[in-house]
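Listed in TrEMBL:
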- Ser62: active site (ACT_SITE)
- Lys126: active site (ACT_SITE)
- 1-22: compositional bias 'Low complexity' (COMPBIAS)
- 33-224: domain 'Peptidase S26' (DOMAIN)
- 1-24: region 'Disordered' (REGION)
- 34-58: transmembrane segment (TRANSMEM)
Amino acid sequence: MSDSPTSPTTPSAPTGKPGKPSAGRVAGMWAKEIAIVVVGALIASTLLRLFVAQMFVIPSGSMENTLLIRDRVMVQKVAGWSRGDIVVFRDTQGWLSAPAEETDPVRKALIFIGLAPDESSNHLIKRVIGLPGDHVKCCDAQGRITVNGQPLDEGTYLYSENGQTVAPSEFPFDVVVPKDRIWVMGDHRNNSQDSRCHLTEGTGGIAAFVPTADVVGSAVAVVYPFDRWRTLSRPATFDQVPAATAPAPDTPVIVGDPPTC
């Protein structure tokens, strides 16, 4: 044994650097960050769908050639809409003959958060022709629909095939749109069960006129298929339509015998 004193151990000076986190801790931090981003994105997507815009799938040929079956359209809910706009609306008037199909829960959730287009069968899409109080009539001496006495030039959007454009309507009608309702028609007039076809339904034909409260919004663009991507604008002919000359009536005014589609 040595008689010399033992030197005290000097503790090492701190380096000021934290210890390296474990792999498990790093993975947990990344998982937390990813979860925050995903949840935030889902919340943002849901809010956008509820209040800003929503995508719908076109189910039928009633809006050809403007919109084709299986087109996906973006519908905006922020700005207003007017005559000439294409609108999506809920079917609360019983226009659809078949009951709405049930959507499976997973797809329903994806639609709700905005990650899938709405393909439900309880919505329709048509073009707004008359607003509350408007006098909509078919047809004048040239076979044109008139709104408040102004004839519409519909050649830019009515269905055409092999150079032949369908007539604005194969049968006459003469109506004044009641308050809080609109008159809508499909662009393929020979293949559209629209306002014209429901004038005998509901009290005084009220079912022919879509409640403004049922309008989801106006279609602003075709977003799929990509080769059909384009914006949807209001036809210029509707800019020439004057305002209604009298307040909208409480109930529809239907002149003559309603047509049968």
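Every residue gets a Cβ built from N, Cα and C, even glycine.
Bear in mind that TrEMBL entries carry predicted annotations, made automatically and left uncurated.
Summarised as a single figure, the pLDDT of the domain 'Peptidase S26' (33-224) averages 86.
Long-range neighbours of Lys126 (active site) (same chain, six or more residues apart, CB within less than 8 Å of its CB): Ser62, Met63, Ile86, Val87, Phe89, Val184, Met185, Gly186, Ser192, Asp194, Ser195, Val210.
Following the DSSP three-state reduction, the secondary structure of Lys126 (active site) is strand. When other Cβ atoms within 10 Å of the Cβ of Ser62 (active site) are tallied across all protein chains shown, the result is 23.
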